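Chemist: One structure is given below, represented as C-alpha cells, and several questions about it will come after.
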Amino acid sequence: MAFEELLERAGGMGLFQVLQVATLLLPTIFTPFHMLLENFSAAIPDHRCWTHMLDNGSETSANLTYEALLAVSIPPGPDQQPHPCRRFRQPQWQLLDPNTTAANWSEAATEPCVDGWVYDHSTFTATVVTKWNLVCDSQGLKPMGQSIYMAGILVGSFIWGLLSYRLGRKPMLSWCCLQVAVAGTGTTFAPNFLIYCGLRFLSAFGLAGIILVLSTLTEWTTTRRRAVTMMILGCTYSTGQMAVAGLAFILRDWQDLQLATSMPLLAFSLVSWSVRFGASSRRWLPESARWLIITGQPDRALQELKKVARINGHKEARKTLTIEVLMSSMKEEAVSARAHTSVLDLIRMPALRRRICTMLVVNFSVQLSYYGLVLDLQSLGRDIFLLQALFGAVDFLGRATTVLLFRFLGRRMTQAGSLSLAGFCILANALMPQDLQSWRVAFAVLGKGCFGISLTCLTIYRTELFPTPLRMTAEGFLQSVGRLGAMMGPLIRMARQALPLLPPLCYGIIPVASSLVLLLFLPETQDLPLPDTIWDLQGRRSDATGGHRQEAVIMESTWL
C-alpha cells in the first residue's frame, strides 16, 4: 500500500513504535480488570438467614454449641449444608435428639430470610452481593447487572465506531479513559443497585472506545511487524487477567478494588490530554496519519509523519517527506476521502458484504462462548483467585504462540483451528462426569488458551479485511455484535436449572460451526498490506507497490 511506502520513508519500525506500544500498555493491562472485575467484586459468599437465636447475643444459650443452635434454627439445604435462603419459623428443639429422623425436620414450617442474611466474610470483607443482598429471590440481579455492563460495551462499540471517523483515534482514547475512570470511581459511592448498574453501563460505554482504539494500533505498523505488535498487546491483556487475581487477593473489599482499577486510567487520561495540548515536541502519541489522510488533512498527516521520522532517527525524511510526495503516493486515498464513504459501503460491495457477514458470525460465537466460560469461575472451583491466575497464564501462552502459528498456518487456519478446538474443549468439559473436577478444569483451561489464540488472531485478521475509511466503522459493528453474544452468555446460563447441558452445548457447538463458515467465506491475508481504500478490494490499483495486493484482490474477486 502507498501508506506503507510513506511509513518506510519515516523510518519504518523504530523507537516511535516502541514508545507507542509502551504508552498503550497501561490501558491494555487494565481493560481485563474492568471486564472481569465482577468475578471478585460481585462474588457470592456462603450465606444463611439471620436468626434471633444465632445472631442476637442476648438470646444465645450458653449451654448449647453454635452447631446445635444452627441445627435448630436453619434447615439443611440440598448439599446438607445450612440452607442459604430458608430458616425455621420457630426453633426445632427436637432436632437435637440423636434419634430424630428426616421427617421430624422436613415437616417443620420454614420461611424466607425476612430479617436478612449473615455472610461468610472469610474470603471477601464486602462485595456488591453482600451490600445489596443479591441472593435468593434477588440472585437474578447479578447476571442482569452483567448483561447491563455488556450492553454498555455493545452500545459503545456501535457509537464509537461511527464517531471515530470524525473524532480521530487520539482524543477518543483520552476521553474514553477519563469516562471509564470517573464512572468506575462513581460506582463505589452508588446509593443503590440501580445507580450502580447505570454507572457500570457508562464505564462499559467508555471501555468499548478504548478497545476500538487499541484494535487499530496496527495503522502505525508495517505489514511484517503487525502480528508481533498485536501479540505484545494480547500478552499484556493476558497479564492483566493474572494481575486482577493478585489485586483481588490483596484487596478483599469491592470498593477498594473498584478504586484501584479506576484511578490509573484517570492518570493516563490526564497525562494524554496534557500531552495533547502541550508543545509539539512533547506530543509523542500522535494522531493516526492514515486517518488524517483519509479525512482530507494531508498537512497534519505530513507533520505526524515527520514527527515519527524524527523519533525514529530518520533525518533524511525532512527532505524526502514533502506534501507533494504524500499527495502523489496517496492520490487514491485523497479521492476516497472526497467520496464520503458511508456505513452502507459495508454491504454495498459483494466482497465487503461477504466479509462483514462472515465476521459478524465469528465475533458473535467467540464472545458468547468466551464470556460464558470466564464469567462462571465460581462453578469451576472454590479458589477463584487461583483459577483466574491460571486462566490468565494459559491465555498468555496461547497469545504468545499466535505469531508462530501464523508462520505455519496463516491467519485463516489459525483462527478457524483455535476456535473449533475451543468449542471441542467446552463440549468435553460438559460431557465429563462431575466427580472428575480436575479433568473438567483442565478442559476449561485448555479451552481458555484456545480462546486466547482466537481473540489475538481475530484482532489482527479483521483489521486486515477492511479498508481504512471503513475499518473503525466495521470494527464497531463487529464488536457490537460480539457484545450481543457476550450479553446472551449469562442469559443462556439461566436455563441451566431446567436443561443442564444446554449452556455448554451452545458454548461448544456454536464456535465449531462458525469456524466452518470462516473457512468457506473468508480469504487469507497473511503478508498482505492493509487496504487503504475500498478500491483496493476491487483490484483497481495500478502502481507497482500494489501489484501483489492487486493480484490477490483479483483472485479473491473471482470467487467472492
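The backbone N, Cα and C atoms fix where each Cβ goes, glycine too.
TrEMBL feature annotations, pasted as is:
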TRANSMEM  12-30  transmembrane segment
DOMAIN    101-526  domain 'Major facilitator superfamily (MFS) profile'
TRANSMEM  147-165  transmembrane segment
TRANSMEM  201-218  transmembrane segment
TRANSMEM  230-251  transmembrane segment
TRANSMEM  257-275  transmembrane segment
TRANSMEM  356-373  transmembrane segment
TRANSMEM  385-409  transmembrane segment
TRANSMEM  501-522  transmembrane segment
Chemist: So what's the mean pLDDT when you look at the domain 'Major facilitator superfamily (MFS) profile' (101-526)?
Modeler: 80
Chemist: Would you confirm whether the transmembrane segment (12-30) and the transmembrane segment (230-251) meet the contact rule of 3 or more C-beta pairs below 8 angstroms, pairs 6 or more apart in sequence?
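Modeler: The answer is yes, given that the two segments have at least 3 Cβ pairs within the 8 Å cut-off.
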Chemist: Below 8 angstroms Cβ to Cβ, which residues of this chain, lying six or more residues outside the transmembrane segment (385-409), approach it?
Modeler: 32, 36, 39-40, 227-228, 231, 234-235, 237-246, 248-249, 374, 377, 417-418, 441, 445-446, 448-453, 455-457, 526
